[in-house]
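The structure appears below as structure tokens.
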């Protein structure tokens with residue numbers, strides 16, 4: 001027999017420190033915590049092996065393939081500063097291991113099996129470099145940032161949204177009324193909550209009809225284009241598509257999907273439909289914290305964000321830096337750039353492990369949402385810039401005078417911040433002053449400032465380097 005069976009060292013085959021990475025390789029950076037007594041090279045090689053061609057023993061069918069052509073390679077390992085027994089293992093995967101245009105297959109290969117591996121205490125996928133050759137097999141976002149601005153005819157400022165609350169329990173008619181008031185008051189978008197699908201108290205078709213009525217009424221009164229993110233997420237792909245088709249028939253501009261709970265296969269299907277039929281696609285990241293919140297195990301959100309840009313979506317929730325949900329500033333801005341820009345340089349201080357070239361794949365607009373209100377407006381405008389959606393749910397509907405005045409307050413605050421920025425003022429330093437000045441001209445804003453002046457969500461961010 002030409003080989004010996006038995007448990008073998010992975011590092012003999014899969015640890016290749018001299019390997020020169022190819023332009024077509026998919027590169028991964030894993031944070032590896034080996035079990036006591038397992039050397040980091042062996043742990044890194046094990047990850048490379050188990051996520052590509054390897055298995056735990058030599059098999060005779062190895063002789064029927066070219067391992068050198070198909071194997072993943074751990075080509076570099078470095079210790080994590082300030083952490084004991086934690087390493088960053090860099091793995092290169094040949095492009096042929098992946099099906100074209102399938103985020104599902106990419107994840108099944110790279111993170112499908114290795115995370116339960118005994119030789120590791122914990123494993124986290126920190127970043128992926130997607131080569132242009134692979135990027136080009138994806139359609140990506142249905143429209144992208146510039147086309148969205150052209151469709152909506154809104155330029156030079158962030159867009160404003162609002163999630164309709166209470167998220168569950170309203171009837172379709174009352175839900176539509178809340179949508180109308182917010183849009184009429186000056187918001188660009190309102191949003192179905194991620195868990196609004198089609199429940200007994202409000203079936204999807206009724207909701208879509210009343211929301212469409214609200215959109216057209218608000219558009220007629222304001223002369224602005226309005227939208228409501230109609231959540232098409234459903235229990236089956238067929239049902240999801242039925243909802244998207246109905247939205248298109250109503251002529252509304254945008255639908256929505258929960259891409260992690262719905263799954264990448266469903267998401268990519270919907271994104272293709274949206275491009276073919278002129279619908280924008282808003283993406284909510286429900287369930288992301290289950291995957292990305294642990295520092296030493298799971299997948300960092302920047303990887304989930306890259307995957308979404310490939311699968312397709314025009315907006316995605318990306319943290320706020322200032323509200324009630326997770327997000328450290330530099331790291332958040334790192335993956336915000338990965339969503340919006342065409343070319344992003346490697347920058348470890350922002351958690352970006354690889355230079356990423358998207359070769360003209362359309363960009364995704366980041367959405368800041370969760371515990372934000374008018375006092376946050378200067379910070380949000382400065383941090384996220386124009387190409388963003390700022391979403392105030394409670395920060396609109398919690399206004400003491402009602403939804404429409406709440407919307408007015410947010411729009412006035414936003415316009416004041418954009419004007420101040422364009423005049424060259426420093427939003428970080430003068431933000432509170434800018435809001436105070438604007439509230440002299442807007443009783444709605446003054447009332448909002450009064451309600452939320454003391455509210456803070458003071459916890460340290462977990463997403464640190």
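Keep in mind that glycine also has a Cβ here, set from the backbone N, Cα and C atoms.
Record features (Swiss-Prot):
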type	residues	note
MOD_RES	4	N6,N6,N6-trimethyllysine
ACT_SITE	165	active site, proton acceptor
MOD_RES	191	N6-carboxylysine
BINDING	191, 193, 194	Mg(2+) binding site
ACT_SITE	284	active site, proton acceptor
SITE	324	site 'Transition state stabilizer'
Between residue 165 (active site, proton acceptor) and residue 193 (Mg(2+) binding site): CA-CA distance (Å): 8
Residue pair residue 165 (active site, proton acceptor), residue 191 (N6-carboxylysine) - Cα distance, angstrom, rounded: 9
Residue 193 (Mg(2+) binding site) - helix vs strand vs coil (DSSP): coil
Distance, residue 284 (active site, proton acceptor) to residue 191 (N6-carboxylysine) (CA atoms, angstrom): 10
Rounded Cα-Cα span from residue 284 (active site, proton acceptor) to residue 194 (Mg(2+) binding site), Å: 7
Cβ neighbours of residue 191 (N6-carboxylysine) where a neighbour is any other Cβ within 10 Å: 29
Cβ contacts of residue 284 (active site, proton acceptor) (under 8 Å, same chain, 6 or more positions away): 194, 231, 256, 257, 258, 259, 316, 317
191, 193, 194 excluded, remaining Cβ within 8 Å of their centroid (Mg(2+)): 163, 164, 167, 192, 195, 196, 229, 231, 256, 284
Cβ-Cβ neighbours of residue 194 (Mg(2+) binding site) (radius 10 Å): 21
Collapsed DSSP category at residue 284 (active site, proton acceptor): strand
